[in-house]
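Annotation source Swiss-Prot lists domain 'Response regulatory' at 3-120, citing sequence analysis. Feature annotation from Swiss-Prot assigns 4-aspartylphosphate to D54; the stated evidence is sequence analysis. Marked as region 'Disordered' by Swiss-Prot: 134-169. What Swiss-Prot lists as compositional bias 'Low complexity' is 146-169. Residues annotated as domain 'CheB-type methylesterase' in Swiss-Prot, with sequence analysis given as evidence: 170-363. Taken from Swiss-Prot, the feature active site applies to S182, H209, D305, supported by sequence analysis.
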Amino acid sequence: MIRVLVVDDSLVMRKAISRIFEQADDTTVVDTATNGEAGVEKARRLEPDVVTMDVEMPKMNGIEAVRHIMEASPRPILMLSSLTEKGAEVTMEAMRAGAADFLSKGASSATLRANDVEEKLLGKVRALADSNARLFREDGPSPAETVSSTGSREASSSSSPTSSGTDTATKGSYELAVIGVSTGGPMALQHVIPALPAAFPLPIAIVQHMPAQFTRSLADRLDSLSELAVAEAEDGMLLEPGRVVVAAGDRHLTVERREGALTTCTPAEPAGDSHRPSVNVLFRSAVEACREDVLTLVMTGMGKDGLEGARRIQDDGGTVYVQDEDTSVVYGMPRAVAEAGLADATFPLDDLPDAMQKAAGAPARP
């Protein structure tokens with residue numbers, strides 16, 4: 001049974017959120033808290049498997065509560081926030097403080113009662129209950145340090161076939177790098193993109209499962225940390241070395257070749273994919289535009305988005321790397337690709353930038 005602590009200053013929201021967990025077969029609410037201060041104390045005392053956290057609360061807001069919880073008793077925290085631009089900025093700050101993921105709770109309890117919101121809430125909590133909470137904090141230990149400091153994870157770096165990654169780097173010359181990532185992605189991407197040099201010779205296209213306001217905030221954050229130019233994707237952007245584009249949260253990101261040049265497209269269709277933006281949609285378009293000259297990363301995230309796209313990339317002779325289990329916040333998307341036999345190599349998070357540079361023939365960052 002997954003034990004959940006619900007922190008929200010609204011009585012109506014606390015009841016609505018609690019009802020969802022109590023009606024599910026595998027979740028239960030151990031307690032509720034009306035503000036961040038009480039949430040910190042109850043998280044320490046009750047040791048829940050997952051905490052759901054409001055953003056704006058009296059006495060102590062959600063961001064401060066996240067910092068205190070991650071310092072005193074680290075555990076997965078799911079932020080429940082609004083879909084406003086301000087809400088996106090505050091939520092991203094909470095994730096930098098250590099929150100694992102977020103979900104829009106809308107403006108009323110009626111929004112929560114919508115079936116898709118209930119399913120998303122339960123799905124995220126179930127995934128986070130099995131996640132590695134120590135990886136969430138931006139100022140916390142690096143994934144490599146986390147692996148080496150936990151008994152059952154000590155063999156991660158040596159057991160991951162990093163050497164096979166360098167072997168597959170000669171599979172072909174590359175024209176484009178594509179990345180698919182979900183839960184835990186914002187922090188994972190901050191380990192990868194800023195570690196690449198300005199001379200990295202491939203454009204990079206990223207799908208991170210997030211609403212629109214959040215993807216812009218993520219792109220701005222990565223741009224501020226990186227030597228590469230990072231921006232939220234718009235239709236018609238030229239994909240050239242030194243540029244990184246992040247799919248907008250309400251649009252797909254695809255790649256087309258126009259007059260010989262790789263260019264972004266941001267269609268709303270196909271609507272049938274379970275995610276928008278969809279990793280599969282990006283990967284399929286990359287194969288169609290570049291054939292075998294695609295370097296692919298599948299990183300931390302729940303679900304299987306990217307599996308079929310990775311299969312297409314492999315079938316056409318491209319290269320697929322996956323993040324390993326020990327450094328993934330949620331080992332869902334990488335697991336699906338690895339277990340299908342589609343991964344050329346598996347790397348700990350901190351080794352991914354070096355693997356990308358070796359594959360692309362980029363000079364090491366000084």
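Glycine too: its Cβ is placed from the backbone N, Cα and C atoms.
S182 (active site) and H209 (active site) have their C-alpha atoms 5 Å apart, to the nearest angstrom. Look at the domain 'Response regulatory' (3-120): DSSP puts its residues at 59 helix, 26 strand, 33 coil. Within 10 Å of the C-beta of D305 (active site) we count 27 further C-beta atoms, all protein chains included. The predicted model assigns the domain 'Response regulatory' (3-120) a mean pLDDT of 89.
Across the fold, the C-alpha of H209 (active site) and the C-alpha of D305 (active site) stand 10 Å from each other. The Cβ neighbour count for S182 (active site), using a 10 Å radius over every protein chain in view, is 26. The Cβ of D54 (4-aspartylphosphate) lies under 8 Å from the Cβ of V7, D8, D9, S10, M13, G62, L80, S81, each on the same chain and at least six residues away in sequence.
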